[in-house]
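These notes are about the structure you will find just below.
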Amino acid sequence: MRPLTEEETKVVFEKLANYIGRNIAYLVDNKEDPHIFRLQKDRVYYISDKIAKFATSVSRVNLMSVGICMGKFTKTGKFKLHVTSLSILSKYAKYKIWIKQNGEMPFLYGNHVLKAHIGRMSDDIPEHAGVIVYSMSDVPLGFGVSAKSTGEARNLQPTAITAFRQSDIGEYLREEDTLFT
Amino acid sequence: MGSRRHKNKQGAPPSYEEFEAKKNKKDQKRKRSESVSEPVKPNKKKPSFDNDKKSKKSNVQGKKQRKQDDESEDEDAIRKRQLEEEKSLPQVDLEELSSAKKSLFDDSEEEEEEQNDEFDLEGEEGEEGDEFYDSDEETRERPMFSDDEEDMEALSAANMEALSAKLDEEAALEEQEAEEELLQTNIVQPRAQILPTEEEEAQQSSGPKDVNILRTRMIEIVKVLEDFKNSAEEGKSRVEYTNRLIQDICDYFGYTPFLAEKLFNLFSPSEAMEFFEANEIARPITIRTNTLKTRRRDLAQTLVNRGVNLQPIGPWTKVGLQIFDSQVPIGATPEYLAGHYILQAASSFLPCMALAPQENERVLDMASAPGGKTTYLSALMKNTGCIFANDSNKARTKSLIANIHRLGCTNTIVCNYDAREFPKVIGGFDRILLDAPCSGTGVIAKDESVKTSRTEKDFIQIPHLQKQLLLSAIDSVDAHSPTGGYIVYSTCSVMVEENEAVVDYALRKRPNVKLVDTGLEIGKDGFTSFRGKHFNSKLNLTKRYYPHTYNVDGFYVAKFKKIASSPHDVSKAGAYEKESLARSEAEEEGIIHGDFASFNDDEDKDLIEKSKARNLKKKGINPTAKGKAGKK
């Protein structure tokens, strides 16, 4: 387990900025309970400083996970956010989409968000911006990228895609074998 | 079926008091009608009425008798004896046993009722049977009232005293007779032959087993064992009955004889039957609310809206819900995926509640996959402090990590060590939960393979590992922790070898720990002695759970408090060193136990003679006198 290099930090933060924008500042500047990013194998974990110190006593081969896993670096050096980061993304989300009850299950089965399923969405979403998807009762369901800006989306057909799904909590079941090791 | 059972319930045999009271009433009535000279119309009418009823009854019985004819004779005898027992034994056992498998036993219950009726007929010299009690209660009561009035008219002040004295006297006499009669009927009943003869056994072993016969016989044997003195067949020993029962259990439920005997020895015969029965029924599906994300009431509301039928598990937990049925898969609802709840057996709440971790403590879960208990601990600590979730199986850490992330536990470190590596990896924990790997004899309902796969070797090897794990856990705790210093040991096994014996071992090896109360509301106390083995007297502070008592999985929970540190706490021994140490120790003990205790009968002859004489004296026989008599 080691801190991220400058290069890695840049890649990770660029990715995060898509979804939470300037709110990244809250992630790194938490005076009461400072949190840090750590790299273990190819995965990036976001953990409280105290816990990170305890985790140093566990050897690298035996450490399976610590705190919250944000995502992993691909072999080509890109950073891929995992659904496990949803709790953090949803807390600081910039653009939000709420989907109706009848759209919940299709989304959780890995489909994109259709216009017909949208109950509400933030007013100022630009095209191709990272969005967090919620149910109508404010339960975060996943995240993705907007296909159209809010204004354009108003004029879409009901069957048209409004947001492309990137990750959803259905992956806890579908991807259990690959997601966590 | 319901109505039929209801009818059967009505005809329960009268208790002794009732029986007597009824009898007295009748006698008095008869006497009065004799003593009073006036003709009493209602009474005269009544006998014919009675006769009518009787003839009807005998008809009915005739039919039923024919129905029974195909059954063997000794079953008749069995029933008679049952009847006798019903008089002396509390009814509850029978009821429970029979209600467990209604379909099979309903008929015989009915038969029993009939038997009761016959008995009543005999006993009361041709009074109407129980079955008709309700229907003609009114007609019976009314004449009596009219009788009384007529009596009053006939009485004069002069003969009143004499009459009443006479009545009293006769009543007393009748009562006495009734008592004698009752005693006699108790004695006369023959004892039934339940155990099959050798021929029958040979016949049965060749062909396929008849489960109905097996079942009936098991219930009979249990009843005999409950009251062995009075109901056992002449010349049969308790061992014969027990062996037969264990073999029947193996045939009926599919256990290996070894495991069946082991489990059977844990309970009284009737409780053992309940245990085996309960292992055939699946426990209810339960879920635990993740208090990090939601509240139980909100969760229950959303799930009810999805068409789930649920209810709180019980007053002992504030986070558990029991699922009765559901229109949606309970493990794939959006709430489940969002981490609002986790599917978790009710029994696995218990060790977490016993450990009761406080906020900002450092806790270790030594065998944590798949994470039900770990996430509960995290929720109890409100995501503060630090939890080390360890599991020795790398493949199983996958589901552990998934659950930890899904339920949003941010204070966990997941590691993959042999748990015996602690405290070498890191020690000084405030609390440790050791839910040890076990034989799984408490969760047979969940995993049937335990019935056949466990052998004697398992019950040596598994406790061997458990002992090392528990010692490692004890050594990894900080005795001077201001808030903690506790260790909770739990297994999903009901075996004494894996529970009390392991805890007792730890108490012997580590004098710096003591058992404390688990703080759990439910559960039975642990054994302080078992089949000749005596454990630490404090073992009654531990808790046992059985499937048939609380409808949770079989479970065991013990809670230790570490009161002082020991040199072991800083030992750098890893799993390998501990294993070799434990093995050599076991071998050493084995040598002592193997060779130490053999008897030399020749040398002990004097002592044997002496103790024999002493035993005779205890029985009130003079050994010397007997000896002389023998010589003559």
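We number each residue from 1, going along the chain as drawn.
Any Cβ shown, glycine's included, is placed from N, Cα and C.
Whatever TrEMBL says is automated annotation, not expert-curated.
Between the stretches B:157-186, B:307-336, B:547-576, TrEMBL puts its coiled coil entry on B:157-186. Residue pairs drawn from B:A367, B:S368, B:A369, B:P370, B:G371, B:G372, B:K373, B:D391, B:D418, B:D435, the listed S-adenosyl-L-methionine binders, are separated by up to 20 Å at the Cα level. Under the DSSP three-state reduction, B:K373 (S-adenosyl-L-methionine binding site) is assigned to helix. Around B:A367 (S-adenosyl-L-methionine binding site), the same-chain residues at least 6 positions away in sequence with a Cβ under 8 Å from its Cβ are B:N390, B:D391, B:S392, B:A419, B:L434, B:D435, B:A436, B:P437, B:L469. Fewest Cβ neighbours within 10 Å among the recorded positions B:A369, B:G371, B:K373, B:D418, B:C492: that distinction goes to B:D418.
Across the fold, the C-alpha of B:D418 (S-adenosyl-L-methionine binding site) and the C-alpha of B:C492 (active site, nucleophile) stand 20 Å from each other.
If you measure from the Cα atom of B:A369 (S-adenosyl-L-methionine binding site) to that of B:C492 (active site, nucleophile), you get 14 Å.
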